[in-house]
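Novice: The structure that follows is given in the form of structure tokens.
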Amino acid sequence: MLIAGEKRTTIWPDAEGQGVLILDQTRLPHRIETVLLRNLEDAARAIRDMLVRGAPLIGVTAAYGVALAMRTDASDAGLAQSRETLRKTRPTAVNLAWALEQIGKFLGQMPEELRRDAAFAFAKHLAEKDIACNSAIGDNGLALFRDLAQKRAGKPLRILTHCNAGWLATVDWGTATAPIYKAQAAGIPLHVFVDETRPRNQGAFLTAFELGQQGVSHDLIVDNAGGHLMQHGEVDVVIVGADRIAANGDACNKIGTYLKALAAKDCSVPFYVAAPVSTFDFALESGSLIPIEERAQDEVTHISGEADNGEVLKVRVAPKTTTARNPGFDVTPARLVSGIITEQGVFAAETQALAALRP
Ligand code: MRU
């Protein structure tokens, strides 16, 4: 996708072989900065501190993290320890565990002396696969959007999205945004309502930024506005990403997604989840078993941003003595999901239909 008209991805190997480069997402949209990950610790920190975030991108970064670790210790112990360090960085998005499993299996069956180069090649392969999956999700979602757009008879299709399941959350295209970008390229008029997504404001900071860079018409809305807009017939479809989807179609995504799904159901607005097959956790029968990340209180008691003079600010919005709860994700029950858009097609959110996707 584009930043200032230049084609970019979120992660790429450094041309001089020093490591792996990422876009620092804690600085967006105000600063476009790249950071070099030189070793395992850098990769783990980038995931933990959310310089990279979004389920698919966390997975790819973890694979590169293992590759960086193989440069200093390619033994079985080194491989196991690097996977464990990375696995512990964030608990909810299953793409992390999936990517670590994939690269672990691949490297585990080869001699140590081959692991260093093979690990980088494998991480690159996962990154390329992510781009291909998201592009296919885009094509499958586009077919749905075409049908919905027909009912609008030339007026813009109005889409609501939560958090950032955009290209910044993946290597390229995004999951929820891929059908949006494909629809725009196909000439379908559209308009996106972007939930700001407190507490970390991924909608305001990231989704609004990337849609703007791609020239997609959009409005930023506060998290509580979605229900009102749906009630007043101003939203034609909701599309979100996912961090983990259980075998029965319960979909875990950024906190607040569930409330959007409830409002969508009440207002008969279709609610779609867009995710690659690597986001499914078939070991979990239902979403109640998904571990939910609990994040720091100061993300709620404070708001961060940048002043017009460029000063980075973190401002307290709650009284000094107020404590906070900060669950990072919630689970939308399958009964509220109209369909799950994957690279293999669109599936009903129920155990039998999704069984076709089991590995
Ligand atoms: O805490 P984050 O920013 O990593 O959460 C991201 C989300 O919840 C995304 O919607 C999800 O990972 C899907 S990304 C294609």
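In case you wondered, yes, glycine gets a Cβ from its N, Cα and C as well.
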Novice: Among Q150, Q202, Q297, find me the residue TrEMBL lists at the same substrate site as R53, G54, A55, R90, N253, K254.
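Specialist: Only hit among Q150, Q202, Q297 in TrEMBL's substrate site, alongside R53, G54, A55, R90, N253, K254: Q202.
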Novice: So which recorded positions are near C163 (site 'Transition state stabilizer'), with CA atoms within 10 Å, out of R90, Q202, D243, N253?
Specialist: Q202, N253
Novice: Does any of G54, R90, N253 have a Cβ within less than 6 Å of an atom of ligand 1? These are the binding-site residues; tell me which, or none.
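Specialist: With ligand 1 as the reference and 6 Å as the Cβ limit, the list reads G54, N253.
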Novice: Within 10 Å of the Cβ of N253 (substrate binding site), how many other Cβ atoms can be counted across all chains shown?
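Specialist: So the number of other Cβ atoms within 10 Å of N253 (substrate binding site) is 29.
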Novice: Helix, strand or coil at A55 (substrate binding site), per DSSP?
Specialist: helix
Novice: Can you tell me the CA-to-CA distance separating R53 (substrate binding site) and D243 (active site, proton donor), as a whole number of Å?
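Specialist: Just about 11 Å between their Cα atoms.
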